[in-house]
Amino acid sequence: MFAPGAAKLAQEFGITSNIVASFTVSIYLLGYVFGPLLLSSMSELYGRLVIYHVCNAFYVAFTIGCALSKNTAMFLVFRFVCGCAASAPMVIGGGTIADLYIASERGKAMAVFALGPLLGPVIGPVIGGFVTERLGWRWTFWIILALAGIVSVTALVLMRETFEPVLLERKAASLRKSTGNMELQARSFDKNRTPTQLLVRASMRPLRLLFLSPMVLLLSLYTAFMFGLIYLLFTTFPGVFEQTYHLATEISGLAYLGLGIGMIISIVLFAVFSDKLLHQPREGTLERPELRLILMMWSTPVIPLASSGTDGAQTRSRTGSFRS
């Protein structure tokens, strides 16, 4: 939602560097990089629910900080922490779905879950453009704060723990208290390791997967490139349409609708075909999760074509000629 207001913030804070101005938007994504390294590990030790609640609280608090920022450094720090907190649903959400759904039903569930992280960054700037033009860039954060507060309170009331090892440990603790038998332990309990050792071990697991599993490494690079490309568009759209084409901030926000339409189409296709691809007959084999990646193979060749078209059609030089 804030992206269309980046130019207004740069003007208010006296930012003259285009790199720093773009960084006010993209630093949020940097939080998506560092947040999951710790949050995913802590969710395996303490459960999903407490991580959701703590991150919701941090997000609300530091969104207030963004709205009240007095200088660039202050804003960047608060924005980064907001990104770290907002990464919790991104990294834990898939695990929650795996807790609740069997493999053959996860495709549709993941499609619904993807509506938030994919459409949010698209719909937000459209609304943010009108808000920034009429009320100022700070009001984008006040609106985000109101929405985040509603979601946080709703989650606090309705959400429950879904992670099986944590539920089993709670059950074992209840039985120890009621029976007095201190030997009752959940099967996932490791009495030979301290909580710190368990946290360090869990923190190293994603790094080992990243660097020792070629499939995980390649998919991570692919995902990083996709998110980088999307946020590259988010950071360049305001400058292109407001400075080059001299459009009003509220109108420039409408440029994000094209991304939203494409994402809706992709989500619908994923919901329809993902589970069906998982059930393709393979002699002597069980369900293979990698079959879901077939959709990615079909869509990837479109990306360079769309990227070149976007650059050629939406960016022009000061002389008015198009560049590709």
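Every residue gets a Cβ built from N, Cα and C, even glycine.
Copied over from TrEMBL, here are the features:
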DOMAIN    1-324  domain 'Major facilitator superfamily (MFS) profile'
TRANSMEM  20-39  transmembrane segment
TRANSMEM  51-70  transmembrane segment
TRANSMEM  76-102  transmembrane segment
TRANSMEM  109-127  transmembrane segment
TRANSMEM  139-159  transmembrane segment
TRANSMEM  209-234  transmembrane segment
TRANSMEM  254-273  transmembrane segment
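Residues 2-3, 6-7, 9-10, 51, 55, 72, 75-76, 79-88, 90-92, 203, 206-207, 227-228, 231, 234-236, 239 of the same chain sit 6 or more residues outside the transmembrane segment (20-39) yet have a Cβ under 8 Å from a Cβ within it. Proximity of distant same-chain residues to the transmembrane segment (51-70), defined by a Cβ-Cβ separation under 8 Å and at least 6 residues beyond the stretch ends, is recorded for 2, 39, 42-43, 77-79, 81-82, 84-89, 92, 138, 141-142, 144-145, 148-149, 151-152, 155-156, 159.
Listed as Cβ neighbours of the transmembrane segment (109-127) (distance under 8 Å, sequence separation of 6 or more from its ends, same chain) are residues 1-4, 89-90, 93-94, 97, 100-101, 143, 230-231, 234, 237, 253-254, 256-257, 259-260, 263-264, 266-268, 270-271, 274.
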